[in-house]
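Some features that TrEMBL has for this protein:
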DOMAIN    517-920  domain 'USP'
BINDING   ASP974, GLU976, ASP1083, ASP1135  divalent metal cation binding site
Amino acid sequence: MNFEGLDPGLAEYAPAMHSALDPVLDAHLNPSLLQNVELDPEGVALEALPVQESVHIMEGVYSELHSVVAEVGVPVSVSHFDLHEEMLWVGSHGGHATSFFGPALERYSSFQVNGSDDIRQIQSLENGILFLTKNNLKYMARGGLIIFDYLLDESEDMHSLLLTDSSTLLVGGLQNHILEIDLNTVQETQKYAVETPGVTIMRQTNRFFFCGHTSGKVSLRDLRTFKVEHEFDAFSGSLSDFDVHGNLLAACGFSSRLTGLACDRFLKVYDLRMMRAITPLQVHVDPAFLRFIPTYTSRLAIISQSGQCQFCEPTGLANPADIFHVNPVGPLLMTFDVSASKQALAFGDSEGCVHLWTDSPEPSFNPFSRETEFALPCLVDSLPPLDWSQDLLPLSLIPVPLTTDTLLSDWPAANSAPAPRRAPPVDAEILRTMKKVGFIGYAPNPRTRLRNQIPYRLKESDSEFDNFSQVTESPIGREEEPHLHMVSKKYRKVTIKYSKLGLEDFDFKHYNKTLFAGLEPHIPNAYCNCMIQVLYFLEPVRCLIQNHLCQKEFCLACELGFLFHMLDLSRGDPCQGSNFLRAFRTIPEASALGLILADSDEASGKGNLARLIQRWNRFILTQLHQDMQELEVPQAYRGAGGSSFCSSGDSVIGQLFSCEMENCSLCRCGSETVRASSTLLFTLSYPEDKTGKNWDFAQVLKRSICLEQNTQAWCDNCEKYQPTIQTRNIRHLPDILVINCEVNSLKEADFWRMQAEVAFKMAIKKHGGEISKNKEFALADWKELGSPEGMLMCSSIEELKNVWLPFSIRMKMTKNKGLDVCNWTDGDEIQWGPARAEEEHGVFVYDLMATVVHILDSRTGGSLVAHIKVGETYHQRKEGVTHQQWYLFNDFLIEPIDKHEAVQFDMNWKVPAILYYVKRNLNSKYNLNIKNPIEASVLLAEASLARKQRKTHTTFIPLMLNEMPQVGDLVGLDAEFVTLNEEEAELRSDGTKSTIKPSQMSVARITCVRGQGPNEGIPFIDDYISTQEQVVDYLTQYSGIKPGDLDAKISSKHLTTLKSTYLKLRFLIDIGVKFVGHGLQKDFRVINLMVPKDQVLDTVYLFHMPRKRMISLRFLAWYFLDLKIQGETHDSIEDARTALQLYRKYLELSKNGTEPESFHKVLKGLYEKGRKMDWKVPEPEGQTSPKSKAWIGTRETGQDAAVFSSVLAL
C-alpha cells in the first residue's frame, strides 16, 4: 500500500530502530498484553499470545477470535493468508517473517528474510512463499530454507507483485517500468514501460490487469500486451487501496487540501462494463484499506487506521450501525487481509501484534487446504542419560530389539577374508589434460561423476570394470552408463585459447598443417563456417562471387567475394568472416528465419545446429541468386561492369543450382493443373518403412525429387478445396545438386542406421564373407573376414561400416518426363562407358563433393564440420601439384582424410545435414577467369555521409590521377577502433586471468598518408566509418573517437561506409603498395583484410629484439625523433605520419638493412633507456597539445607544413 499521508507518528518505527531490540518492554506497548508472554534473552517474543478464556463467536458476524505477538515493538508491514495451507503469514518492518497455523494461531515458523529492508508483499505458492522487499525477491520454503534469491537493481524501489500464472510474476514499484519474471528460470523475461510511474498495487481479473499509482490513478491494461486500455483518475492526492469484484472497482485514497493530503471519506466506485464512475459511496470511517467480501451480496469491508471497520454495499448507503472496532495494541493498523474462504480477517498493528477476526468458532482459511507438514518430535530427550565414566553401568540401558537369532558380530573369523576393492581407472579425459609438476599431476575436473562419490560395482556383476581397454576417446569420459560411441579428437569443437598477447602466441599450425585457410569460430553466428568453405571450394561459385561487385552497402555476395579473396591469399593462416557476418546480421530475412543466434544460445548449443545450417543453406543460395539478378552496371565502382558469367537472363547461381520442375495437381473431378517452378535445393523425404527393407540412397533421392503427395487444394473446376494428387516432374537438372538431409528426429536417424546396417551386410556377403545374426561380430568372425580366405582385409571392413551414401549417382531424363536415379560406382563406368559420352543422351553422373555433418557432443553443445573434396585447381594454386583429396574442415582445424570417412555416419554422434553433388566435368563448362572488379576510381573524391560536414573540416587531399600509387610505393596507415562487445574473462584459482571470449572491435577511422613525393606525409584517406551496431565503448582516450562522430545525422567528419573504405584498401593491396605503420597486424585483423607479409612494414617489429617486450609508438617517437605524440588522445594522422618517419629513421640507422650489427647496438641502447625510464615519456614543463606541434622529419618542415596547411584551407 501507499503510506503517503499516514499518521506522522509512524516515523518513529524506522526499520533501523529495530535491528537490535533490548529485552525490555517497549514504551508504546500495552503492558497488559504481555502478562503471560516470555521474552528470550535477545528480546524477541517466541511464544504466541494465548487467549485467556473462550471467546463467544456469533455465527455470521465477525468477532475477534485470537491475538498474537509476531515481533515485539516492530510494526507489521504485511499479512497474507496462505492459499494452499491453513496458515497466516506476517512480515515486519525489520525484514522478519512469521507464520501461524490454524485459527488458534500457533507459531509454525519464523525466520529473517532481509537484514535491513521491510517486507512489502507476500505471495504463497505451492512449494513455498515469495517475499518482496525494496530491491529483492526471495522464494523460501515454508520452513525457512531459501529456494532462490533474486536481487534486483539497487535503484529499484519495489512495492507490489502479482502472480499472473503458476510460473510468471509481475513486480512493480516507484520506477517507470514493471518487470516480468519467470519463476522457473529465475530470469527477467520482459520489461513493460509504465507511462505513470509509481505502481504500488496490482490486481487481475479475466479481462484486465489493474495498476494503482501513487498519483491517485488506476490504469487498466491488456492481459497480453500490457498496453493501457483505460484509466481512472480516482483521487487528486494519492491512492491508498482498491479492489475489484465482478464489474465493480472500488478505491479509497487521499485528496489534496490546502493543508496537505487528507483522507477522503468518499469511496470512488466504477462500473467496468461502461467504463465510467457511478455514485461515490460516503462512509463513516477514514478508509485506509478496503476489500470485497462477497457472500450473498458484493459486500465491502472498509478499514481505517484507527481500527474502525465498516461493512456496506458498493451501490447502496453506508449504515453507521455496521461499524465494529478492532482493538489494536499500537495506535495504528498497518495491514489487512481476507482469507480465500472469506471466513477470516487478519489485522496487523504498529506494535507487532496480529488480530484474527472470524465469523465462526472454527473457521477455515481456504475452501480446500492440504495437510501441513510438521517437524517430527524429538525422542532422544525421553531416554535417560548414560554416564560412561562408571564401570558398573549396565549396558541393558541401551535400547535394542529383542532377538534370539545369531548376531552378525558372532560371525567366525575363519569364514572372513579381506577383499579390498580395486580402484577404478582414471578418467581418460583427466589423463589427456593432465600437466605434471614434479611427480604431481594437475588436471581440470571433467565433472563426469559426483564429487567424492564412486559407484560401487562388484566384479562378478560388472565384467567391464577391469577392462581398461574400453576407455572411450570422447571428451564426455566414462559415465555411469558409458557411451559405446566415441567422438574422434579431430571432430571435437575447437576453441581458441587466448593469452595476454591475444592470438599472437596461439599455434594455429598445430591444427592446420595444410596451405588452405581455416575460419575462426569466436565471431557471433560463425556456425556457418563449414558452409562458407563448401561454397569456396566450388570453383564456378568462387569465380562468380569474386567477379561480383555492386553498390549495395550490405551485399552478401560482395562480402563473400572479399572473404574468398582472403582465403585465396592465405598460406595456412586462419581468416575470419567478421565483415560477411556483419552484413548477414543486417538482412531482415535472416532474422525472420531465426538464423541469427544470441551469443548465449550459440555458446550453450541450445539451437538445433543441423536444422539451423540447413535453413542457412537455403537462405544463402536464395540470397546469392537475388544479388546476382539485381546486378547492374555500378556507377561508383567503374570496372565492375560485368563478370564473365553474367548473361541477360537468369543469374549464374540459377544456372548452377536451379532445377526446373512441373508441378501437376490432379483433382478427383479429373481436372489437371500444371505450373512451372524452380528450386535451388531438395529435401530428402524418407519412406514410412519399419520392415528393414533395403532402400538405395538413389531410390530415396528419386522419391524426394519426384515427390507425390495427397493434399487439399483449390480446384477451379469444382470452385472449392478438394483432395488432390500433387506430383512433381523434372524438366531440367541442375549442375550442382544440393540436398538437405532433414535428419532432425530419431525416426530419420534410425532409418539411416538401419540402411547402413543392411548395406554393410550386403557388402560383406558380396565379398564372400558370412555374417552372424547378432549385431556385434565375434572376434573369430573378424579374423575370418580379415583372412585371405575371406577375400577382404580388415581395413576395408572398417571402411564399409556406417556407409549408405554413394560417392556417385547417375541420373537419366526419360522421354515421358520421368527420372531414373541409381547409385554409380567406378565399375559401372567400365560397363556403361564414360559419363561425358552419355550426357548427349540426357544421362548425367554426379560426384559427391561435400558433406556437412552435425557432431553431437553433450559436453560442448555440438558443432558443425564439413568433408570437402578439394579439386585440382586449388592444389595447383596452393601447392603446385594437381590431384584431388578429401579434407576435414572443422573451423580452423583442417586435416586430410580418407574418402570413406566422408560418407561414414555413426548416428550416435555424427549426423548428416547437407550433401553437395556436382556434375562430372563441371569446370569445363564455365569460364573460370577472375577479373579484379576494383579499379583506381575508388580512390577518387567521394561525398561524405555526414549531413553537417563542411569543407573547413577536411583533413585530407584525395589522390590526383598523376599520384596513383605504383608497385612498391610506401603508404603510412593507422586505424582507430571502438568496442562493440566487452571481453569475457574469468579469474583462475591461481590468480591469473583467462580470456573466454575477446572483445569485439569495429573499425571507426582509417587514415592513409602519402609515403613519397612532394606531398609526403599528407593524408589521402581519412575516413570515419559509419556503423549501425551499438557501440559499447568509444575508447576516446586511445582512439580519439567521440560519441556522435560516427552518426551521419550529427557528425562533422568525413563519414563513409565500411565497404567504401574497404575497397580503397583492397585496391592498394592489389596494386602492390607497402604499408608502413605501428601494430598493423591487429589493424588488418579488425578491418578483416589479408595482406601479404612482404607488403607490411611494421615499426613494432623493426624496433624489436627477440624475446623482449614490444615498444610503444609514443616512446619510439620520443627516443628517435624527439617528438611528443599521443599527449591527450590518439590521432591516426599523427600516428601514421610518425610511423613513416620511424621507417625512414630505421633505414638511416641500419644503412638500408646492410649493417644489422650497428643497428643491434642501437636497439640495445633503446631497451636500456626504456628500462631506466620505465618506458614512460618524460612530461615537459609546459606541455602543449600534440596537434599544435609541427611535423619534424629528415626533410625541411617548412614546405610540408605549407602543403598540409592547404588541406585545412580547402
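Using N, Cα and C of the backbone, Cβ positions are placed for all residues, glycine too.
On a predicted model such as this, the values are computed, not experimentally measured, just so you know.
Shown here: features listed in TrEMBL, placed on the structure.
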residue	record	CB count, 10 Å
ASP974	divalent metal cation binding site	28
GLU976	divalent metal cation binding site	25
ASP1083	divalent metal cation binding site	22
ASP1135	divalent metal cation binding site	26
CB-centroid shell, 8 A cutoff, divalent metal cation site ASP974, GLU976, ASP1083, ASP1135, site residues removed: LEU973, ALA975, ARG1005, ILE1006, THR1007, GLY1077, HIS1078, GLY1079, HIS1130, SER1132, ALA1136
